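The structure appears right after this line, and notes come after that.
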Amino acid sequence: MAASRTLSTFRLPPLPTIREIIKLFRLQAAKQLSQNFLLDLKLTDKIVRKAGNLTNAYVYEVGPGPGGITRSILNANVAELLVVEKDSRFIPGLQMLSDAAPGKLRIVHGDVLTFKIERAFPGSLKRRWEDDPPNVHVIGNLPFNVSTPLIIKWLENVSCRGGPFVYGRTQMMLTFQKEVAERLTANTGSKQRSRLSVMAQYLCSVQHILTIPGQAFVPKPEVDVGVVHFTPLVQPRIEQPFKLVEKVVQNAFQFRRKYCYRGLGMLFPEVQRVESTGKLLELADVDPTLRPSQLSVSHFKSLCDVYRKMCDEDPHLFAYNFREELKQNKSKTQEKDDQERHRL
């Protein structure tokens, strides 16, 4: 636990550089884990500054790796920093930082996708959802292979006020491939508009804060990296269960180059598809010839509200999955073909 809660300024003592830590512990970025190290402390300081005033804050850092951003967070005079690192190779280097910042840094060797943050910080930090965000922050240079599933998980947490959001409208500052960062913040009608755009923007205020060139990382990724800031909204822009919104949005973007009625039609069984899709679009007042990228969050709000009513009227509808129906149809066709061959 944090030993110091005062406003006195804390600075880390002189330490080996991140490059020296990498050499000392013979660390190499694991390609299969999409790891890339950020070694420039001026850049890590900049990322942390963009997260806001962290004085006496409680910070949850995901994927600290060799500890570049970790150092910058500790130097921001936080009350406590909790890091969760899956790769055991990084634990000794992080322990060195912990020794240099007594009582400030807590290290958990675990998987961020399964780690329970709900009881990690004092309950006194909790704020009502309607209040200003709590003095709790999530910061992370995410491995590319977990960034999308992790943000979807956290967005679901926002919707049910679980995970990091048991403390209130916890703010997050996270890195993504630049393309993913652009999708998260894309406006209606832009080429980057996607499922991620809608899922993030109906629950949060999302800002693409800065872009870091790939050459700042070791090893250099093939893409640049975007830093994105999330602040949960007091009132979600769509007030329906997360899984229902996710299903409508996913289906709408199934065929992103076609008119929206094509993907939205996949919400309904084949026998009623044309009629039900027409009803959905008419009641939601959505033009069937709009492309998915042209649908605003307001469009999706109307679509989700109408789809919810249709599900309430037909209890089997929400469980319907068009891929399952396709599989069953293929299986029936195969069975018929086999029977025909046997007759011959």
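Placed from the backbone N, Cα and C atoms, the Cβ positions cover glycine too.
Features as listed in TrEMBL:
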BINDING   Asn36, Leu38, Gly63, Glu85, Asp111, Asn141  S-adenosyl-L-methionine binding site
DOMAIN    43-234  domain 'Ribosomal RNA adenine methylase transferase N-terminal'
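Most Cβ neighbours within 10 Å, among the binding-site residues Glu85, Asp111: Glu85 holds that distinction in the structure as shown. Non-local neighbourhood of Leu38 (S-adenosyl-L-methionine binding site): Thr44, Gly68, Ile69, Asn141, Ile212, Ala216, Phe217, each in the same chain, at least six residues away, with C-beta under 8 Å from its C-beta. Spatially close to Gly63 (S-adenosyl-L-methionine binding site) yet at least six residues away along the chain are Val84, Glu85, Lys86, Val112, Gly140, Asn141, Leu142, Pro143, Val146, judged by Cβ distances under 8 angstroms.
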